[in-house]
Ligand code: SF4
């Protein structure tokens, strides 16, 4: 019989996973245990996921980033999907959701779990629709069968769209963009066709039993999240949130870990309100947000519109950010989109941690700033969030090796380099630049390992080599 991390924490046990994440985050193991016991943090760690390098998600810990991958009817064999996993982890994803809806789903999922050092999340409803043939044909038996199968395969967390209820549906009638969650639209179709309550809500206790048996973590889906600013914070969104609060407590009563998903599209002035409301309604369960996008007018740049909202959400207490790529709303992302999306979200997560005063978060910034003022270009590249990109841009105009020791770059040029001018002036005044020797030591800093470069903080020995797959694509981010 598996004991969940939540059950172990409640009885006072510091598990191996808790000790490991405490080490990674430079926190006291007892603090980690207490956070898990109180439901304020989760360690998604299916007992059957042997390749896992455990991590923790909670507002008291470094903000995490999720990347979505997965095949479709037309793209993605098992080998391609494994390369997508590698790309996501290489560019710094803390968790990966497999949203595949194409062929070979079991083989792909099992291969991911065999190789992935990061937690794997799924949306079992997608496989149910695929097997049933249409949303209307789904049965509660089929849902339970698929959820149990995926739990046995080692999936660490599952999005379960149990919070959208029949009585919520009329509340969406006046919306500008209706129901934009894929899972939400499937459940709404089922309820309207059968005239019955959400089947995932009906079998919620059985799902809890399966999750408890394997230590699968709930990611309670926000089926009624707003798909545009006009629908943000409406009655439908908040009515579902109230149900998610009840479902959170029901899962906790059964010893199951829970995080709660959130919007979507939200104007800047309402981002913090969303986080605070979720924290209150769901008793502090970790909030896992998609973006939110703070404006609807920039298709092609939605990794930026959403990273702004994500940074604000992280500062306000969101625990994990689901990345959005530049292709959001437009098409399937390719490798460059994944890289840009993950960079945007790692920036958002780190900026949020700096803004909220997360212990040690700013040491990284201070170390890079010192390297910058010292014209230590190699150290700047090493510390950069995306070292390859930083070096590539520097090399575009100053490729020769000697420029790696230069006291200027091509932006202002040698004559107008303000930092050089400033240093020369100080040299003349002081004789020497003692201040440059301050040398922040990141290795002994309280900054968590998760806050430090280079990208990709997980043990990746199990992953295939770093191949380029420029012609390959991944599922559209955030479409769960
Ligand atoms: S040239 Fe300008 S941008 Fe480049 S290092 Fe000097 S001050 Fe900074």
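Note: Cβ is positioned from N, Cα and C throughout, glycine not excepted.
Same-chain residues at least 6 positions away in sequence with a Cβ under 8 Å from that of residue 225 (substrate binding site) are, in sequence order, 180, 181, 184, 237, 261, 262, 263, 264, 290. DSSP assigns residue 225 (substrate binding site) to coil in the three-state reduction, placing it in neither a helix nor a strand. Marked as substrate binding site by TrEMBL: 68, 97, 126, 161, 181, 182, 183, 222, 223, 224, 225, 261, 288.
Sequence annotations record features per position, and here TrEMBL assigns Zn(2+) binding site to 265, 329. According to DSSP, residue 265 (Zn(2+) binding site) is assigned to a strand segment.
According to TrEMBL, the feature [4Fe-4S] cluster binding site maps to 409, 412, 417. The 10 Å shell around the Cβ of residue 417 ([4Fe-4S] cluster binding site) contains 18 further Cβ atoms across the protein chains shown.
According to TrEMBL, the feature compositional bias 'Basic and acidic residues' maps to 428-438 (among others).
Summarising the annotation, TrEMBL assigns compositional bias 'Basic and acidic residues' to 469-480 (among others).
Annotation source TrEMBL lists region 'Disordered' at 428-480.
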Between residue 409 ([4Fe-4S] cluster binding site) and residue 329 (Zn(2+) binding site), find the distance joining the two CA atoms and give it rounded to the nearest Å.
38
So how many other Cβ atoms are close to residue 288 (substrate binding site), meaning within 10 Å of its Cβ?
28
Check the binding-site residues 68, 181, 265, 409, 412, 417 for any whose Cβ is under 6 angstroms from an atom of ligand 1, and report them in sequence order.
409, 412, 417
Determine, using Cα-Cα distances only, which of these binding-site residues is closest to residue 68 (substrate binding site): 265, 329, 412, 417.
329
How big is the gap, in Å, between the Cα of residue 417 ([4Fe-4S] cluster binding site) and that of residue 288 (substrate binding site), rounded to a whole number?
43
May I ask which of the binding-site residues 265, 329, 412 is closest to residue 223 (substrate binding site) if we compare their C-alpha atoms?
265
Sort out the sequence-distant neighbours of residue 126 (substrate binding site) for me: same chain, 6+ apart, CB within less than 8 Å of its CB, listed by position.
99, 100, 101, 182, 183
Could you round the CA separation between residue 412 ([4Fe-4S] cluster binding site) and residue 265 (Zn(2+) binding site) to a whole angstrom and send it over?
39
